[in-house]
Amino acid sequence: MVMFHVTRVETKPYEGQKPGTSGLRKKVKVFTQPHYTENFVQSTFNALSTDKVRGATIVVSGDGRYFSKDAIQIIIKMAAANGVRRVWVGQNGLLSTPAVSAVIRERVGHDGSRATGAFILTASHNPGGPNEDFGIKYNMENGGPAPEAITDKIYENTKTIKEYFIAEDLPHVDISAIDVTSFGGPEGPFDVDVFDSASDYVKLMKSIFDFQSIQKLLSSPSFSFCFDGLHGVAGAYAKRIFVEELGAPESSLLNCTPKEDFGGGHPDPNLTYAKELVACMGLGKSNSQDEPPEFGAAADGDADRNMILGKRFFVTPSDSVAIIAANAVEAIPYFSSGLKGVARSMPTSAALDVVAKHLNLKFFEVPTGWKFFGNLMDAGLCSVCGEESFGTGSDHIREKDGIWAVLAWLSILAHKNKENLDGKKLVSVGDIVRQHWATYGRHYYTRYDYENVDSGAAKELMAYLIKLQSSLSEVNKIIKGICSDVSKVVHADEFEYKDPVDGSISKHQGIRYLFEDGSRLVFRLSGTGSEGATIRLYIEQYEKDPSKTGKDSQEALSPLVEVALKLSKMEEFTGRSAPTVIT
Ligand code: G6P
Ligand code: ZN
């Protein structure tokens, strides 16, 4: 057995190692500065309780982006030096974020061991490569991201760090082959267990969904399917699940070989960045004569986000979670005994609220960010949840889950088409969504993003909107002067959330203007931008009348958009006459 020694290395703090809820995200060039990565990893070990480090089993893997392989070797050596007993690594260092969550919750090692946490190496949907982003995030024993108490501690540690520990003489571990390698250190044995990246996750998916019925759908000549992995880690799971398990042809997969630089693209599943898929589904300015597939989907770099498309049809993420919730009990075996509750983030449209009301389900509106759902799930209060930012998931893990969302939609399609697979006309994605609107009404929805706005200007705009809220009659007077076509504001506030589980209060979670007819305007500053400020404006209008649910959403929303822009004095404050992105 190869023996290793522990080296104590002296170091000095770096500024700015504050992890957000999605971990520490910086340019690769920042991470590769001397001791930078090591400082952060040691600060994380020091923030955990001793039993989660000494003698513990931890997972290390990620979306395969540039610098991951080097970071994995560093973390293995530092884990060994800090007394960790075992490190579990997905083959080639690949594990999607949802798969990491599944591995922590489900995987049992050869010796009966279980993981107590994970370093996930990803910057999610941000581009990758030597000049792009890298990230490290730590997830806890429940499979979810470290809570603020831990990330705050990590940050404090990074500001005072003086030393880190590393097994410099531990040989480079081959992470391309499935195997367990054992080493001997001052505190006893240390193992690196390289395992198949997909099998635990596939097993979990098979326990949730009826694979046989999805297989029947996929093999029906009248059905066709396309999945875009955007060169991220989702490709590894797509091959295993859609092709090997469910029998879809290889040709239905686009960009499903994970690449360190995501093929130079932006691995974010939306109508702007998933260009190939969008064209293939007959959306956008495609000149292709081919008939688009019935169903299309994409996931982001680390496979926790998703986008769902039908033939020439875009499903908004807000509608997607509502439709999954409405059909879950019938179409997905995991939910057959009922939903414990449902939840959405505040800026997500109220489509889910209407479903919850109809089905008499517990409902929660939480601030933006998956951690709030995690708390509800740990307390058994929530089964299905989603966000407008292309995140959908359930309590099977404690992360959002792109492949799960695709399987949920395939399950609904399989369920609705049980009798149609022998050549009858299929119920399409568009039919399902339109049917949903006919039953529950439609929430027209759009988001305007103003990226890289001067931070001071963005704060002033927000302060102005808060000040305006002190007089609703004044607000309504201004609105009447802008447009007579919208109803009146009946409530306005800054969203605040009291977590029903731990009682913690989150303030300043976005500014809301709620209208009498159910319409909403929401203004929020993004928490994930890296340059300047990003203002997000969410515009939503509820239409109950089934004869009016078929309009183009930008058209239907144009009066409210005008009100939002003029009421907020968007151009005056930001100098922008148009948003950077409209979704
Ligand atoms: C990440 C989180 C999501 C959240 C999103 C919001 O993706 O995982 O839970 O919805 O960020 O981003 P924003 O830029 O709007 O703060
Ligand atoms: Zn992601």
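Using the three backbone atoms N, Cα and C, a Cβ is placed for every residue, glycine included.
Record features (TrEMBL):
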- 17-164: domain 'Alpha-D-phosphohexomutase alpha/beta/alpha' (DOMAIN)
- 200-309: domain 'Alpha-D-phosphohexomutase alpha/beta/alpha' (DOMAIN)
- 318-418: domain 'Alpha-D-phosphohexomutase alpha/beta/alpha' (DOMAIN)
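Sorting each residue of the domain 'Alpha-D-phosphohexomutase alpha/beta/alpha' (200-309) by its DSSP state yields 42 helix, 16 strand, 52 coil. Taking the domain 'Alpha-D-phosphohexomutase alpha/beta/alpha' (200-309) as a whole, pLDDT averages 94 in the prediction. Per DSSP, the domain 'Alpha-D-phosphohexomutase alpha/beta/alpha' (17-164) is made up of 59 helix, 33 strand, 56 coil.
Per DSSP, the domain 'Alpha-D-phosphohexomutase alpha/beta/alpha' (318-418) is made up of 48 helix, 16 strand, 37 coil.
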